[in-house]
């Protein structure tokens with residue numbers, strides 16, 4: 001039987017409970033999942049790549065079939081081919097996400113026609129949540145309780161101690 005291997009990518013700057021919900025749901029659908037932290041060349045990162053990896057790795061520690069990987073200046077589809085991924089995993093919060101993902105899937109299919117894309121619709125409670133909104137809350141030192149994993153809260157508290 002073919003092993004189903006998924007790749008869920010994002011900048012995870014920082015990881016949110018919405019991201020974790022997608023991973024949790026996907027972990028039951030796939031034999032193995034890679035969660036790929038990618039630097040988005042169109043965005044300036046708030047957290048350094050190694051910090052994002054540490055926060056995400058800690059948040060996903062209980063998942064036995066999930067491996068966190070990082071990539072710098074590479075297309076996710078190229079990493080997917082290298083890892084022998086069978087499916088890309090994408091989360092959809094709203095119609096704007098769908099339009100973006102529809103375009104992305106077109107090009108991914110051109111580059112790797114054998115890799116399918118699976119879309120998981122965000123649960124209602126996470127549809128308004130985004131990393132950019134969390135960064136805004138961090139800037140104004142607002143509570144992150146219930147929005148992000150404890151690893152992110154601990155990192156923010158550590159950063160606040162230094163300032």
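Each residue, glycine too, has its Cβ placed from N, Cα and C.
These come from Swiss-Prot:
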{"type": "BINDING", "residues": "11, 12, 19, 91, 92, 93, 101, 126, 127, 128, 129, 130, 131, 132", "note": "ATP binding site"}
{"type": "BINDING", "residues": "11, 43, 76, 90", "note": "substrate binding site"}
{"type": "SITE", "residues": "19", "note": "site 'Transition state stabilizer'"}
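Secondary structure at residue 76 (substrate binding site), taken from DSSP and collapsed to helix, strand or coil, is helix. Just so you know, the Cβ of residue 76 (substrate binding site) picks up 19 other Cβ atoms within 10 Å once every protein chain is counted. The CA atom of residue 43 (substrate binding site) is located 18 Å away from the CA atom of residue 129 (ATP binding site). The secondary structure of residue 19 (ATP binding site), as reduced to three states from DSSP, is helical. Residues near residue 127 (ATP binding site) in space but far in sequence (CB under 8 A, at least 6 apart, same chain), listed by position: 18, 93, 94.
Counting in whole angstrom, residue 131 (ATP binding site) lies 15 from residue 90 (substrate binding site) by their C-alpha atoms.
Overall, the recorded substrate-binding residues 11, 43, 76, 90 cover a maximum inter-Cα distance of 19 Å. Using a 10 Å Cβ-Cβ cutoff, residue 92 (ATP binding site) registers 16 neighbours.
Considering only the binding-site residues 11, 131, the Cβ with the fewest other Cβ atoms within 10 Å is that of 11. According to DSSP, residue 127 (ATP binding site) is assigned to coil rather than to any helix or strand. For residue 11 (ATP binding site) paired with residue 90 (substrate binding site), the C-alpha to C-alpha distance reads 13 Å. Of all the binding-site residues listed (19, 43, 90), 43 has the fewest other CB atoms within 10 A of its CB.
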